[in-house]
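According to TrEMBL, the features are:
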COMPBIAS  A:1-12  compositional bias 'Basic and acidic residues'
REGION    A:1-30  region 'Disordered'
DOMAIN    A:51-118  domain 'RNA polymerase sigma-70 region 2'
DOMAIN    A:150-202  domain 'RNA polymerase sigma factor 70 region 4 type 2'
Amino acid sequence: MAQDSGARDRSPGRRAAWWSERDTTGEDLPNEPRALLAEIAKGDERAFETLYDQLAGQVFGLIQRILRDPAQAEEVTQEVFVELWRTASRYRSDLSSVPTWVCTLAHRRAVDRVRTAQASADRERRVGARSVGTAFDDVTESVLGRLEHRQVRRCIDTLTELQRESIVLTYYRGYSYRETADLLETPAATIKTRLRDGLIRLRDCMGVGG
Amino acid sequence: MTADMSKLTGAYAVDALGEAERVEFEQHLAVCAECAAEVRELRETVAQLGAANPVNPPDELKSRILTTISRTRQDPPMADPMAPASRQRSDRTTGWPVRIAAAAAAVALVAAGVLGGIAWQTQQQLEQAEQQSDRAAARSAELSAIMLAADTRVVRDSNGRQQGAVLVSEQLGKAAFLGDIAPPGDEHVHQLWLIGPDGAQSAGLLEPEASGGTPRIVELTPQVSQLGVTVEPTGGSPQPTTEPIMLMTLRA
């Protein structure tokens, strides 16, 4: 299989191709994630390495953003890629793109880790209400402020403040929607609705699905 | 109820539902193709948020992962329901451990049953079935590790119709709870608690369909001395609100 140099190719064109793979035009390219995953399912460790090089930055970036602690982020990143290796044969291309599948695994594992840590540390929930200002500013700066992807940035800017806060606190901080409701001193039913209509607005802005 | 449930697609897509709600919502997805399609699109949407800010991990991580996968067996396309439990079960084990191995196999069989019904399922359901199967396989492996740890002890509790046992391994710092508990009734759930000098901490809800024997694995911190089960309102409680129906002392 022809392979690029080990360096991750971060040119916009390359990344656009990952996300638009539903169009299937690039399906037979050896570096296309779906083709790689099919090889991985057959036990091809080189295909795994190529896919790792393509996705590790996204996976590690997301997990570290949620967990903060780099050592734990490495552990969870390892769990995600070992799960990818183990369950490659069960991936269904009709359900989601490969990057989405991997991202879903990564997010779920990171959130599980946050919740386990919270449970064992018996987190003082009341503290949250006081620290929400800091928490949110911090996240806004560290996450939204540095978004490389201009389209994502532009779409996030179309959200209302409550939609944006709800999505950031749940997705990037791993809070449940009820915890988010406490933090924002807003009824849980409202947060639930804002999460949905906010994500629908993002979906339409980004042109996902259809 | 249904109209309300369909609004949870967003919270579900960002993994922001509580455990009980997530289980309930996934059941709802089984009968709501529209919700399943929406979840799929919203997942695709949030994945782009997740990918928007990449950070390269250290090179050592890559070597570690490549080493690990070279030693990791891959799952077959369809879960082999008996594999984890039967392969690791020791012939020397008798009594409770055997029953627990059987329970682990039962977990896998439930997953297999889910996978067996795939023909009529929506795509979203298929994805969930696979996740459930992964979780069941992981649980079986974890349970086997506890069973086979050199220092594993069994603590039991019997209270009328309720029967429970906990396998405790201090070495692993883990315990596996196995209960045969009468269903809690409508609007109620069984909740598992880790109890120590500082009070009770929730170890999650016991899924109603699982009360008959799905093992629940918990991490034991040094403070934990007892494991308890209470009946709580649907969704669970931050602290126990009723007397335990089951109480097992793990450490004196």
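In case you wondered, yes, glycine gets a Cβ from its N, Cα and C as well.
Please treat TrEMBL annotations as automatic predictions, because they have not gone through curation.
Sorting the domain 'RNA polymerase sigma factor 70 region 4 type 2' (A:150-202) by DSSP state (H, G, I as helix; E, B as strand; all else coil) yields 41 helix, 0 strand, 12 coil. Looking just at the domain 'RNA polymerase sigma-70 region 2' (A:51-118), the mean pLDDT is 92. For the domain 'RNA polymerase sigma-70 region 2' (A:51-118), DSSP puts the residue distribution at 59 helix, 0 strand, 9 coil.
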